[in-house]
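Worksheet for the structure shown next.
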Amino acid sequence: MPLLTRITGPRDLDRLSLEELTQLAEEIRTFLVDAVSKTGGHLGPNLGVVELTLALHRVFESPKDKVLWDTGHQSYVHKLLTGRQDFSKLKMKGGLSGYPSQGESEHDVIENSHASTVLGWADGIAKANQVMERDDHVVAVIGDGALTGGMAWEALNNIAAAKDRPLVIVVNDNERSYAPTIGGLANHLATLRTTDGYERFLARTKEVLERTPVVGRPLYDTLHGAKKGLKDFIAPQGMFEDLGLKYVGPIDGHDLEALESALTRAKRFGGPVIVHCLTEKGRGYQPALQDEADRFHAVGKIHPDTGLPISTSGADWTSVFGDEMLKLGKEREDVVAITAAMLQPVGLDKFAKAFPDRVYDVGIAEQHGAVSAAGLAHGGVHPVFAVYATFLNRAFDQVLMDVALHKCGVTFVLDRAGVTGTDGASHNGMWDMSILQVVPGLRLAAPRDADQVRAQLREAVVVDDAPTVVRFSKGAVGPAVPAVGRVGGMDVLRAPGTGTPDVLLVSVGALAPMCLEVADLLNKQGISTTVVDPRWVKPVDEAMAPLAERHRVVVTVEDNSRVGGVGSAVAQALRDAGVDVPLRDFGIPPRFLDHASRAEVLAEIGLTAPDIARQVTGLVARLDGRYDRAGAEVDQVEAARD
């Protein structure tokens, strides 16, 4: 009987021998490769934390002790050890989340997937424990690049200020950037420095020497400096010790005995401690280890033996952008690129290979990236900052005060905009068009197809006196959606027949094919429809108000929050122009969306062609005085969804 099937909770690990734990680690890696190859998910990071997670759950008593995960995609092993072994629907509707989830287990504390936040959480929980006089331990696991985020260092600065507040910080270093521990002396120093006796010895020595006339303080400083210099020569601990944090490591993150020993010492220390673990991303899976650039950080469905994708769906939005950036780079030497530790996921890998001196990876530091972009623009180049839409939220103040206020020509390219689906609430890029509406001078484009991505990216990088934004969806890009005409700066995708048109349907971005389907359904009901794509949704095109005035109803459809989005902006523009036409906006309701496929999420929130057509039909019927019970029921359903 496999050991893994006998693990129903963390305490089941206590009775296992070292040999059995080693076997369990192998079983977990086999399970992860098999399960994630069928569903997709974050494979490489989880293969690297198997032994670390086993050790954490043997040393600490979750859920009484709080085990917190930064960049929560490292939590698959944690899920397996806390009673969640059904990975058959990982990241699918009704299945396990790809991140920690309070709704799944009492062992999950924070539902995070945005990096560098866990130390702030740990600081707060440790403070609460102290106030409430609880003896619970707090363990924060941070790594996979998250220490490149400024928030992590802000938290460390606060954590270090409380020497008597217990908090264990595990640095999961899978980048192989630190040297291994050198010999027994380093091990001895690491052990000695996290014991109460050693701390008392240092305190007494300092007290005695400082009372000694003339030579006391200089002698203590000399001895302490020599000790520190020796330890810093042996192990890369200086940056943590300079903050006042005790340091254990580096520890082999795949040596269970060493891990348990280090974590046990840290647990007993009684103050903030760094435990530095060296792990190997993708460990035990040869295709991941051979992928030096990414180590299978996140994968779709793959062949487990080879790691090759099972199928490809043609060109995707990201690759279209990446290819066009490469062309722009060849044409314009002043175009540079910025990424926040996402070079390949945002499509800048080809640009980086061709122009290594014109691409800047700022780490998981979107705030710094935006300010650095402002400086680049001030210096005469045009930066293109490619980032997931959900992560731009972190840099809003910098976009507003450093880029827009200074009228800097910076282009932000927002990948994964709108409903992304399987990555859940924290990864849906559903707020960008709302929060960016308030930024003076900013121009925002929402391309509907690959041709428009190329065209609007080129339009954006010409602007040198204001920030520009180009947003697009996740996944396959689909066929081109041709325009049949032009009104102002807007593309007409469907012109009405003869007579007064009923509905002006404003289609935003990738929802254009669905909006054309809505128009077809309305036409079958005898409702004539004009479909327009604004292309640039901020500012609202000046031709919008006079065009709306020639219709009976205006309908906006966007892959963004209904609150403060494009629909709200169009409504305000019509009011300002004195155009009194009913407007119905369709978008994402103001709530967090559970993980499911994009199609399932859109269906659940009523953002489908049949749903929209039914409601617009009811609205037109009310205008005609043909309001009926069916129309009322439609409104009630929509109200419930909101």
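A Cβ is built for glycine as well, from the same backbone N, Cα and C atoms used for every other residue.
As written in Swiss-Prot, here are the features:
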{"type": "BINDING", "residues": "HIS73, SER113, HIS114, ALA115, GLY145, ALA146, ASN174, TYR285, GLU366", "note": "thiamine diphosphate binding site"}
{"type": "BINDING", "residues": "ASP144, ASN174", "note": "Mg(2+) binding site"}
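Everything Swiss-Prot records as a feature, shown here on the structure.
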| residue | record | Cβ neighbours (10 Å) |
| --- | --- | --- |
| HIS73 | thiamine diphosphate binding site | 23 |
| HIS114 | thiamine diphosphate binding site | 21 |
| GLY145 | thiamine diphosphate binding site | 20 |
| ASN174 | thiamine diphosphate binding site | 23 |
| GLU366 | thiamine diphosphate binding site | 27 |
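Per the record's binding annotation for thiamine diphosphate, residues HIS73, SER113, HIS114, ALA115, GLY145, ALA146, ASN174, TYR285, GLU366 show a top Cα-Cα distance of 32 Å. For the recorded site, GLU366 (thiamine diphosphate binding site), the DSSP three-state label reads helix.
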